[in-house]
Each structure stands twice: as structure tokens, then as C-alpha cells.
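A.B. asks: Please see the structure below; I have some questions.
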Amino acid sequence: MGQETEISKRYQVAKERYQAIGVDTEKALKTLKDIKISMHCWQGDDVKGFLNPDGELTGGIMATGNYPGAAHTPKQLRQDLEKAYSLIPGKHKLNLHAIYVDTDEKVDLNEIEPKHFTPWVEWAKEQGLGLDFNPTFFSHPMFKDNYTLASPDKEVRDFWIEHGKRSRKISEYFGKELGQTSINNFWVPDGIKDCPIDRYTPRKRLMEALDEVFAEKLDEKYTQEAVESKLFGLGAEAYTVGSHEFYMGYGITRDKLICLDAGHFHPTEVISNKLSSLALFSKGVMLHVSRPVRWDSDHVVIMDDELIEIGRELVRNDLLGITNIGLDFFDATINRIAAWVVGTRNTQKSLLKALLEPTADLKKMELENDFTSRMAITEELKDFPFGDVWNYFCEINGVPVGLDWLKEVKAYEEDVLLKR
């Protein structure tokens, strides 16, 4: 009780300090509580899935490390996810890939149906979570010569077109059952290792294949689709068919959400700078918040400059209503539950930091060319008691404050993970 009282006291002091510059902390906390983060399932087992868990991870991505305790079954993964969600304030979503089927049937990617994900839906209902989805265009024998939907081989294309169509029905099923729109994100890793002669034709094939996948109109109350670009991957260093320009054009002309992954661009390029432009021309955005270290390494999200900028762009430009925030990282060198907790809580913190700015006043100063005040206030804000507001948010949402969550993760590791 003593700690709770101390947290509340510190919050009251922080509240008054923010109030003095025109910031309503209660409003900020209410807004933050309503923001759902789509936490990705694949951190829990290093992107192996349950369709062919012993198969090779392909698609130009890589999970490094061998930390003990990875989930090997859907039940174990759900148990780990429950632990992670219990340490994160608010109610959120889970982002599933197609390879995370939960069925005793022997089923291939072009055969999956909603029934193969029913245990996930029942669990999500119990936990009060929404579900997002992703067709899996990698780690499969039909990922041939680095191609799926853009393959010159019609048999290969047709296999993946069918997979894409079936993924849409699964996402629709999630939306209907859970009462929350399910975002179905299409990332296709097709590409070439060395300089291609023909960049145009594979892109035409990809466009036509996607058009076939999306031919049936589905109710967007239940499912919305996003398309995700990438600059390069391992084995596709010279050319990726689904580039940023390709998917920006495709998304805008086909009325799809555009997915921006923080690691899918040139190392000096940031997605925070793209959000305001896409907001003007696209129907909306799906974010994959990640941390690239010199390449698309999918490191756990930390409170770095880009994460802070993403939060600012979403809040300052009032883009939260058209943005779906998801995470995408997988680090097998650390405790996987800790990875989820650190990444998700940091994403929430970046949003709270932005919500605690006097945005309207700062915009007015900028409009009036009062750059002196703009700089002075934004710099002074760096020393404001943001941490006390965050700790209070954790307390009122019934999750551990400060590093207390780490004790729970360590205990869970000892009791559960190390016994697997």
C-alpha cells in the first residue's frame, strides 16, 4: 500500500506540472488506454510456427540465438502470451501468421480454413483480445527460386494465390467472432540476389496475382487488408518485387492499407517521416514497429529516437484513428516474454510521451514562426516527470510498476520455461 500511495502522490505532482503547460494527463491516459497494440506471436518461437516447425526459415529473414524456453506447441505459446499480456497495461490484439495453425489435421497452406484456428479464437475470447492475421509466403517448399506470387511458374503462383484467398476468409472469421476488425497483412518476400535484367515483369505478375487474391469483396467491418513493402532481404539483396513504390501504388489504387515496417527501408530512412504523406493519400496505415540494426535485423524495440518520432507523428497529426499499430521483432538471445513486454511497453511509452505534449500550442508557435519558444518548450519537456505518469498508468491498469515485471518473468522462466 505504501508503494501505491507513493506512486499516486508522484502522479499528482506530475499532473500539476503538466497542467501548468496546458496538458491534461487524465485525457492522455484515457487515450492511451484505448490504443490497441497488435503483439506478434512469432517472437515466442523464433518464427517456426506449427505447420512445419523443423523446416528452414526462408524469405530473407533470420532469428539468431538459442535462449531456452521457446514455445513448441500452441498451448505453450498461448501460456507464454498470457504471461506477457499480464505485464502490459490495457487490452490489445494478437497478430498471427498462417503457419501457427492449431489442428491435428495434416494441412497445407493452400488448404487452411477458419476451423484450423478455432482454438485461437476461443482463447482470444477468454482473454478479451482481438486477432490480426498474416498469410505466410515463406518457409515452404513452394517458395521456389525466391518467388511465390511473382513466380513465372503458374503452378507456384496458383498455390500462393489460393493461400492468399484462404487467409482472407480466416481474417474475416476472426473479425466476425471477436467483434474487432482483423487486419490481414500481406508481405511477399519475392526477390533476386543479383542485378535483374527485367524488373517490370515480376511486378506485373505480382500485381495480377494480388488482384486475383483480392477479387472477392469482403466486409471491412470484419477484415481489412494491408500490403507491406521491403527494400531487400537475405538472398534478395539486389531486387525485391514488392518495393515501397509498388505497394504505395497498389494500396492507393486498390484501397488497401499500407504497411510500413521500420526495418524494411534503407538504414538511414525512417518510417516516421512517411506517415503524414500516406495519411493524405491512402485509406490508412498498418505499422510494424521494429528496430533495424544496420539491416532488417528485427531487434526488440527500445526507446530510441525513431520510436519516439513514430509516437509523435501519430499523435501530433491525429493519425491514431487511421493507424493500426503492430510489432515485428524476434530475438532468440533473450527471454522471449521479456522481449514482448519491453517492446510493447516501449511502444506505449512513446505514445504517452507524445500525448503529454501541448501539441496545439506548439503548432501555433510554429505557425507564427516562434521557433524559439518551440525549441525551449520541447527541450524542457524532456525533463518533465513522464515516468511518474507512466507508473501511475501501470498501477491503475493492474500491471507491475517499474522493474517489478522482470521479477515475474524470471520466476516464470524458472518455473515454466527452463523445464521445457
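Every residue gets a Cβ built from N, Cα and C, even glycine.
As listed in Swiss-Prot for this protein:
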type: BINDING; residues: His264, Asp296, Asp298; note: Mn(2+) binding site
A.B. asks: Here the binding-site residues are Asp296, Asp298; which one has the lowest number of other Cβ atoms no more than 10 Å from its Cβ?
C.D. replies: Asp296
A.B. asks: Please list, in sequence order, the residues in the chain of His264 (Mn(2+) binding site) that are at least six apart in sequence and whose C-beta is under 8 Å away from its C-beta.
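C.D. replies: Looking at Cβ-Cβ distances below 8 Å from His264 (Mn(2+) binding site), excluding near sequence neighbours, one finds Glu228, Ser229, Lys230, Leu231, His244, His288, Asp296.
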A.B. asks: Taking DSSP three-state, what's His264 (Mn(2+) binding site) in: helix, strand or coil?
C.D. replies: coil
